[in-house]
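Peer 1: What follows is a structure written as structure tokens; I'll ask about it next.
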Amino acid sequence: MGQSVSRDDFIWTLTEQPHMSRREEIVKKYPEVKKLFGVDPSLKYVVSSLVIFQIFMCWLLQDADWILIILEAYFCGGIINHAMTLAIHDISHNTAFGNKYPLKNRFFGMWANLPIAVPISVSFKKYHVEHHRYLGEDGLDTDVPTTFEAEFFTTAPRKLLWLALQPFFYGFRPLIIYKKAPTDMEILNAIIQISFDLLILHFFGVKSLFYLLFGTIISMGLHPSAGHFISEHYAFKEDQETFSYYGLWNLCTFNVGYHVEHHDFPYIPGRDLPKLRAMAPEYYENLLKHTSMMQILTEFVVNPAMGPYARLKRKPRVAQEFYGNYQLFEYVEGFLHHIGVYRLQKFAVNVFDLNNNSKKLN
């Protein structure tokens, strides 16, 4: 169990990620795949039901014993909260309202964020774009572990600890690898989330808030739901960059297990990814796949070939960008233009200048 990992570096590759070329081939061979693009009409209702259910659980557990709260957080709330993080993942691809309504998708992501107790929705979207566009590229894809993680978590006990601490590495790694300016939407996301947490604390007490927060943390660490963090891109086979999981846990994770399919077509909603696989099976059947979340986690811990270094990595194609997109400001500015505020401002300036000129003449 104390055996150290056999890798001492990432798996550096000069090849481009395979997803774009496979996407082009599939679209050319099966043009009907485009019918799967777009909105998941059920997503709004499923997400809203889970948010309301978690608020109900907060009411139900406000006077419960701490042991019951911990058990409920692991077996119930944790599964739901992790599902909400993956709903946010789906929403980040605008599958709730479509690409024509990005602001609606961002606000709906904040709604899905509420039971998680930590503001992640907008920040996740900001970094997830790079994960798809620059998969595995050094300094751009923050899904790849830092050198410290890879150098320190090298034995089975340490890898187990790394899995337990995954929510903290996942949350703070972007601040180390790729610093970006906070955007207006991120600040709004934080304000809304903190306000919700304070309301839970005020009306239901500390036990209910703990139920939400502990459920989020534990479900992203030593929990079957967290198996997808490892299954998606860790190199169980060195010449394959992305892996899919086909098992029952997809029912609790918005089909995030269909990860090869997702990277091939990010704008197909999670619920329709099995249709993509059925439509073009020859592109996916020969790839290594996973069928058990517990097996994924166990093999990662005990197999010396696996560890944080077991990731394909590339040299970056572009430089980092510090400044973010101030999306809300753009919409506010557009709204002010629409209702004529700027025309009124221009008129007032002209009147003011006219008055000043008249006074000078007098």
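The backbone N, Cα and C atoms fix where each Cβ goes, glycine too.
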Peer 1: Between 89-93, 179-183, 314-318, which stretch does Swiss-Prot give the note motif 'Histidine box-1'?
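Peer 2: Within the set 89-93, 179-183, 314-318, Swiss-Prot attaches motif 'Histidine box-1' to 89-93.
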Peer 1: Could you give the residue numbers and ranges of same-chain residues that sit at least 6 residues beyond the transmembrane segment (198-218) on either side and whose C-beta is under 8 angstroms from one of its C-beta atoms?
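Peer 2: Result: 54-55, 57-59, 61-64, 66, 69-70, 72-74, 76-78, 80-82, 85, 115-118, 167.
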Peer 1: Apart from its near flanks, which chain residues at least 6 from the ends of the motif 'Histidine box-1' (89-93) lie with a Cβ under 8 angstroms of it?
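Peer 2: For the motif 'Histidine box-1' (89-93), the list is 40, 43, 47, 105, 108-109, 112, 121, 124-125, 128, 254, 256, 266-267, 269-270.
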Peer 1: Can you name the far-off residues of the same chain, 6+ from the ends of the transmembrane segment (160-177), with a Cβ under 8 Å from a Cβ of it?
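Peer 2: Sequence-distant neighbours of the transmembrane segment (160-177): 118, 120, 123, 127, 139, 142, 144-146, 149, 153, 216-217, 220-222, 226, 229-230, 297, 300-301, 308.
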Peer 1: Checking distant contacts: for the transmembrane segment (107-127), what same-chain residues at least six beyond its ends satisfy Cβ-Cβ under 8 A?
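Peer 2: For the transmembrane segment (107-127), the nonlocal Cβ contacts are 44, 47-48, 50-51, 54-55, 77, 80-81, 84-85, 87-89, 91-92, 96-97, 142, 171, 174, 178, 180, 183, 185-186, 188-190, 192-194, 196-197, 209, 212-213, 216, 324-325.
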